[in-house]
Every structure is written in structure tokens, then in C-alpha cells.
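Asker: If you scroll down you'll find the structure; I have some questions about it.
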């Protein structure tokens, strides 16, 4: 499989594994609990919209008003007075995050109802009771794990529920413990939640103006919209709201009407309110909060200051949506609180009214967090996994970790940027904590594997030129290996091709290459088979070496048999271009070392035997022989047929060298060769005894009988 194909597949595997991990419930919970919280904490507090104000029942309110700490025990005339003050101050909508579950005296309840009726813009909290019961009955033997959830809406007392402009629950998911989402619409009870209802009333005037213009512009479309009049405008019916949720095209049609010329008379603020209201109706059922900060980030005035008629507090109410509820400053008194990403280390949490006000502010500015859809999230995670893997794959290993960290930081910067600027929530815990480390580990492992394969390939390649133990030393410590010298006993086998110059001049280079490769194959095969090392190859010459810590007859015998096998290989090869080869062998001490300087070294044997072996090989020319070996090489060897040729002064050598012709092994020698050797030994003995006349006669007889015997001709000429 091609290199890049493997990398692409591996990158896709990293991406797909990230998708699988992200799909696990525990992983998504981690993304919400850790990932989202980190983004909020990094962004910190931000300015809350000024359209919403919280009237807080704080830890000191009961003391200031000289009432019981429990709000449900307060005289409801206090709430009536509060509503009067808020209405007079110009509050657009007043939302109570207080559950008026039980009557509190007819006079007090009527006074509160009267104040609500006069204001005409009060929304009350209704409690949604949930019960989880086993399905069926004991008689049906229903399995214990089969449960049903029953929901029942408990409105405030009838007098107050009937007087309020609307009642609505504020539904928060039961899990996880840390609150992060809220419900917009509950299908079972066909009701929108408290913040949505507050938004409807806040936009009632804008909706009234919009519907009035729409009736003139498109009466048919206007007839599809069912609505009812309230104190300060219009409110859509629940049926119309459900149609808007279920029919996106209906909502899109209404949005398009906002840009028509007829709507030019609609103020920009009213147009914005209609747009955000339609967006709310079409929003996900339970969007994510986009928190503004820790407790008291949203503009907050105290309950007692409003009752006291504090001018500064009342001035902050004009044209605002007001949420009334408990917002304690002290943990010991804090009630109706929820753990959130901005819960304080002191234990102070966001109160229910602050969370409701946050939801309202998010809705009127279309600021709820937008998580990616499943398909988009999967695509992003796959893309990130593929991108980081391919990037780390092409980089060298020493840059992988740093590059992985840089990519992770850049990705997180993008995640934070879109979160902070566009309220878009991208997943980052799986890419950073799963895919990035995985990509690092896989690519580092891949690099390590490739390095090992490359090292093996290099060792195999260098094995053609160097002994395996030398390659190992170079692979582990090149500096030490270059300075390493190894003394040993060795046998050098030197070869040279006859008439190579003439052959090279008259042969095509491409053909010459093939010819010489075959030639060296015939040389190398016996050497390798007999345990020798190819030390040098220069032109048409080769130097092979057998080495051991000390002198060994087995070592010298191996070299001699290799020489015979080389000679036999060329003798038995029938090719158009025969390359006769001369061989010389010598044994002695040598040193293996890397010879060279600066940036060029060669591993070779150093010692007198190397030069002597080359001189012996070259002396074949004068004697007319093919294989010459020194006495040091032949000493104590059995099983070989040799001919003692005498002692010679080789070129460049001060001491004479006793040379023998290596002919065959004892199993293949013929009687004729033995007769030749016997006759030659007699003639050589006469020559060495200075009996030149006898030697001349004997050598002359041999030349006549063996005209191709080179040593006989050499000595015959020497006798003359």
C-alpha cells in the first residue's frame, strides 16, 4: 500500500476513533462539565444586557422588612406594594420566581390580585411536578426497570392564577448536577417556559405593531396567526406558537415580511424584538445557557429598596423586564440555588431567579450557546484527527510533540474565539485530550518503526561493503567505530582480471556493466560461502579477507578452497567474453580499521599481508600461473594439491617469499598433474643446487612435454 494511502487511512482512524469517543455519554458529560466550564471561566464575566433587572430577596430583606425569613410566610400585601412600585416605575413585564402554592388570607390574596390586575403585566411561576412510578401494577408483574414518568402542572392559587397575565413553569434538566440548559417548550403540557413567556410580554407592543402592519400587507397570512390582546399589546396563541415550532417555513415567511417596504414604519427595536421572538419559537427545545458571570452579574436591586421607593432603584426599572425572586448573598441564607460554572468557591451559587433572568436575556439577544449538530461535530472531529495526524506524520520526530502542542493550542484558540465572539460551542476535550495524544503516539511509533526499517535497510546495504559487526558498531556509535582498530590474524585473497583494459575499450558500457556484475558474482559467491569478507573492489580487482583472533588452519583452508572454487567457476563458464583471473593468497597479522580523513573513510585491512597478497597475485604474470599462495598460507594444510615454485623477491619487497601453485584438492587431482609436479620438483632441485646444465636439460624436456606450463618456461629462461 502506498505511503500516503497508509497515512490517510491512519489519520481517518484517529478521526473516527475521536467520533466514537465523543459519542459516549460519559465523554459528552465531560465536554459539558469540563470543556464548557473552562470556556466560561476563560472568558470570565461579561456585561449583561440592560433590558433585564432582578429584584432580589436577599439575606437581609427579612430583617429590613421585619418579616419571617421564609418568603411563603410573608404578607402578600408586600408583593402587591412591590408590583405597584414596579408598574409605576415603568416595568414592561414583572415575573415572579415565587410559587404561591397556598392561600395566605383572603384580604392579602385579594390585594395582590388587585395589584396584578392593575399592572396587567405580571407572570407567575407554576410548579411542574414529576413522579416516576413503576409501569402497570403488581398484578401485572411488570419488570422493576419499566418505569413511567408522570408530570402534573401545579399553578398558583386560582385567584392569583386567574389574575396573572400568564403562568408558566421554569424547567431545568434534572441531570447533570451542574445546570447548563433550560427548557423552552414542554410538549406534554403544551406550555412555554417562564423566560419565553416573559419575552412574549416584553415584545407584546412590538408584536401588536407588527400584526397591525401585516394585516394591511398580507391579510391571508395574518389570518393564520391566532393571538389575544393583553394590557400592553398582543400575545400569540399556543396553537400559533406550536405551528411556528413545527412548520419552519411558516416562521421563515414571517421573517421575510420584516424586510418588506411596508414594515419600514416598524422601529428597528421592534423589528429586532420580533426577530428574536420568532428565533425563540424555532430554537432547540432545551438550549444551553450563555452565562454572564457569577452571582449578581445581572443588574440587581433589592426588594426592600423598591418598597422603600428608592429613586435610584426605581429609575433602573423603567422599560425593563423585572424578575423577582430570592438572590441571597450569603451561603447560610441562600435558597433556590443551582450549581453552575460560576458557582463560587465560598459556596455561593446562582439563584433560580438569576438563572431565569439569564435565560430571558439570552433569548431576547439570541445569545444561547449553539452546539454543533451531530453531523457537523463528527465532521469536525474527523477533520481534526486527520489534519493533526498528517501534520505530525510529515514532520520529523523531534518536532512532533512541539507541533502537536502548537496545533492543539491553535485549535483551542479557534474554539475560544468562536465561543467568545459567535456563541458557537465547538468540542475540544476529545480533540485535545484524546486525538492529539493518540496522533502523537501513533506517529512517534510510526517514525520509530520506519527508523528501525531504515536502519535494517541501511545495515543490509552496508552489509554489501562492510562486515555485519562493523555495521552494528557504526549504527550504535559512529565516532567510536571510526576510531576503532581491530588487530587480527588474516588471510588475504587478491584477484585481478586479465585483459580487462582491452575488454573495456571494446565493449559497450551498459554491456560491460552487466558483464562485470556477473564476473563479480562468480568471485563473491565462493568467498561468501567460505566465510570471507569482501574488503575492496577496485576496477577489475578484488581483495577478500578471512580473519580470526589467531592463526587457524581452518581459516587458511577456507581461503584456499575459495580460490579453487573461483578458478573452477571461471573455467566452467562458457561466455563470449571470458575473463581469466589471477589469484594470490598470503597470511599474517593485520589490523581492520576505517582509513580516511575529513568526510571520506573506507573500512579495510591494513598490514604487510595486504600488499604482499597483491604482489603474489601480480607475480602470476611472470610464472604463467592462475593461483599462487605463500608458504605462510599453506603451512600444515591437508587435502590440497600444490606445487612448490621456489623462493622469489617480489617487487617492492626486501625479503623473499616462498610461493606455491595451488592446483586442486586431493580428491580431484589427476595422475598427469602429479607426474608434472614430480618432474618439476626434480628440475627445481637441480636449479636450486646451481646445477644449471642439468636444470636446463630437465626444464627443456618439461617444456617440450608440457608446453603450457608457465613455471617450467620461467625457470628455463632463468637457466639461460
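Glycine too: its Cβ is placed from the backbone N, Cα and C atoms.
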Asker: Quick one: which of 339-356, 357-374, 375-392, 465-482 does TrEMBL have down as transmembrane segment?
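Answerer: In TrEMBL, residues 375-392 carry the label transmembrane segment.
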Asker: When TrEMBL marks a stretch as transmembrane segment, which of 257-280, 281-304, 305-328, 425-448 is it?
Answerer: 425-448
Asker: For the domain 'Guanylate cyclase' (491-617), what does DSSP give as the number of helix, strand and coil residues?
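Answerer: Breakdown, helix to coil: 56 helix, 45 strand, 26 coil.
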Asker: Let me spell it out: take the transmembrane segment (399-419), skip the flanking residues so only those 6+ beyond its ends count, and list any with a Cβ under 8 Å from a Cβ in it.
Answerer: 39, 42-43, 369, 384, 387-388, 391-392, 425-426, 428, 431-432, 436-437, 439-440, 443-444, 447
Asker: Can you give me the average pLDDT across the domain 'Guanylate cyclase' (491-617), rounded to a whole number?
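Answerer: Per the prediction, mean pLDDT sits at 86 for the domain 'Guanylate cyclase' (491-617).
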Asker: Are there residues at least six beyond either end of the transmembrane segment (375-392) with Cβ under 8 Å to its Cβ atoms? List them, or say none.
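Answerer: Apart from its flanks, the transmembrane segment (375-392) reaches 7-8, 10-12, 14-19, 22, 400, 403-404, 407-408, 411, 426-427, 430-431, 435-436, 439-440, 442-443.
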